[in-house]
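Heads up: the structure comes next, in structure tokens.
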Amino acid sequence: MTTTSAFMLNVRLDNVAVVAIDVPGEKVNTLKAEFAAQVRAILKQIRENKALQGVVFISAKADNFIAGADINIIGHCQNAQEAETLARQGQQLMAEIQALPVPVIAAIHGACLGGGLEMALACHRRICTDDVKTVLGLPEVQLGLLPGSGGTQRLPRLVGVSTALDMILIGKQLRARQALKAGLVDDVVPQTILLEAAVELAKKERLAQRTLPVRERILAGPLGRALLFRLVRKKTAQKTQGNYPATERIIDVIETGLAQGSSSGYDAEARAFGELAMTPQSQALRAVFFASTEVKKDPGSDAPPGPLNSVGILGGGLMGGGIAWVTACKGGLPVRIKDINTQGINHALKYSWDLLETKVRRRHIKASERDKQLALISGSTDYRGFSHRDLVIEAVFEDLPLKQQMVAEVEQNCATHTIFASNTSSLPIGDIAANAARPEQVIGLHFFSPVEKMPLVEVIPHASTSAQTIATTVKLAKKQGKTPIVVSDKAGFYVNRILAPYINEAIRMLTEGERVEHIDAALVKFGFPVGPIQLLDEVGIDTGTKIIPVLEAAYGERFSAPANVVASILNDDRKGRKNGRGFYLYGEKGRKSKKQVDPAIYKLIGVQGQSRLSAQQVAERCVMLMLNEAARCFDEKVIRSARDGDIGAVFGIGFPPFLGGPFRYMDALGPGEMVATLQRLAALYGPRYAPCEQLVRMAERREHFWTNGETDQGN
């Protein structure tokens, strides 16, 4: 074997072969097509060495086993037949591993995902570490695919069909103890003894196949299987709304393997993989994956980042508490919270405690780790402990004079290099920095709620913000586990600007008599996780509508909302889920009761509530306004690229990922079709639908947003 091989064979003195996996020049092990020859050469040596007692596959990387297959391989396939051949080659390689005459053990530390888990499943036994970095799963569905190297066939036979369906249909990842309980691994050990434990397991004679739990055995029988698959199909269809063809194919392939045997199952798996690889949904989902990977590598500016050793936070409310948690518990940075009273500080501390305690209860971390992370967060009602903070995040009320005061106080009480980052959602960063002594160190850092769940942040430099300030802020966002996009300092920034007309139109249709549930269902059918009216309830009607006057003042009537309707709702003390009354009614806190539309909402706004528009018409009216505004943002350079615009919409507001984001979706529709549709809607509903200049120009020139070699492989 050459020194550049990703798979290195070493035979120990005790006649156990250790195959170390180490992809040269990469931080993470991924499976590439060219590795097949390397693996086959090693398997040949193993078969020929009659003295061997066993084989151990183990990673030489610090914190990952195999994170999956290199997705770029799929992009090189010209048709379904080529992708199917790729899957069959993977299946054959895994079959050769499984057919080895001696015990084969996968020793797993870190991420074992996709093709990595399929390789581990081909081994006779699996053993993993108890480290928090160790996760096992088959996430191919998130790319519009299914596991193509035998995963759909081996996993159900190992852990049972219901557990396998749960893992493969949603790409669920199991931690070490969960994997042990499910029967996915045979043992969990500390990392320090992983190799020796795997070697000892390899020396044993092959153990009998694990007996599945009674429930799984019943479900594997003809009657149980028929009932299970009928229920799973129904539940999956309700969840995906038919927008994700991979889920239906996953169910088909697993059922085929169980009903007709593994040979038929492998054949069905390969064919389905090939067909899914060519679907527009998979191409779009892969594009989102590549774009998000690129964004995470983007430093934000050409300047090197400044020091980032500790962070301050002003305000211990909902946002401040969430920001403190991601900074300390994900970023590992010491955090000092300042609030005007101890109640605010205690709220922020409890916020982190609750999240960490949930992890302890679920056995994701130990109590000692919880205490260690919580110790990174401290608080004060003054600026003690702030003098050495490298960056201070302001999360106080949306009040310009107050935020300007915060800038002055930070400049007075912190170091000369300290960056001031405002979490404002609507106020111009330039205005916040207007009186600053060091305006080059003032920037916007807009988080989305709930902070611990939403992956996106907007980084907003104003005209005088330095390149180093941008780079340092982007670096912080990445440490917090966020995906940052840099956007211009214009009203609404990017995400709220494209979201506002979408929600406004939903409210406008409500005033025309359309029913709440019909509007929401139409946009869920289109592919959004929740409908626009439910989203407004979730965000808070008072909070969600606060930005509308700002946008209307900046951009004119196209941002005007039915003001009398919003006022009537707010005057009736309807804030949404947070006070149990919005467009929907909510049960008592903690109850699982299904939310219901409050029929009083129709009387409140003076309509009958009888839907006349089709679901397609409802979705078109909302989505077209969002797309038109996104194109304006591109034209005005609010976003730096179509890539950032797509990621911002998918990660910030749940734009359907199977469409690739608003810009890929507009490219798919074509600029000519976009302009024609907007003109038709403008004739029906008014000038707010007038196509923007950017789209008109692109239609005339037959241009697209994704150009200059930007492909679904992120080149």
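Including glycine, each Cβ sits where the backbone N, Cα and C put it.
What Swiss-Prot lists as region 'Enoyl-CoA hydratase' is 1-190, and the listing cites sequence analysis.
For 306-715, the entry in Swiss-Prot reads region '3-hydroxyacyl-CoA dehydrogenase', with the evidence type sequence analysis.
Annotated site 'Important for catalytic activity' per Swiss-Prot: Glu118 (among others), in sequence order, evidence recorded as sequence analysis. Neighbour list (Glu118 (site 'Important for catalytic activity'), Cβ cut-off 8 Å, at least 6 residues apart, same chain): Gly90, Met94, Leu138, Pro147, Ser149, Gly150, Gly151, Arg154. In this structure, Glu118 (site 'Important for catalytic activity') is part of a helix by DSSP.
Residues or ranges marked as site 'Important for catalytic activity' by Swiss-Prot on the basis of sequence analysis: Glu140 (among others). According to DSSP, Glu140 (site 'Important for catalytic activity') sits within a helical segment. Residues near Glu140 (site 'Important for catalytic activity') in space but far in sequence (CB under 8 A, at least 6 apart, same chain), listed by position: Gly114, Leu146, Pro147, Gly148, Gly151, Ile168, Gly171, Ala246.
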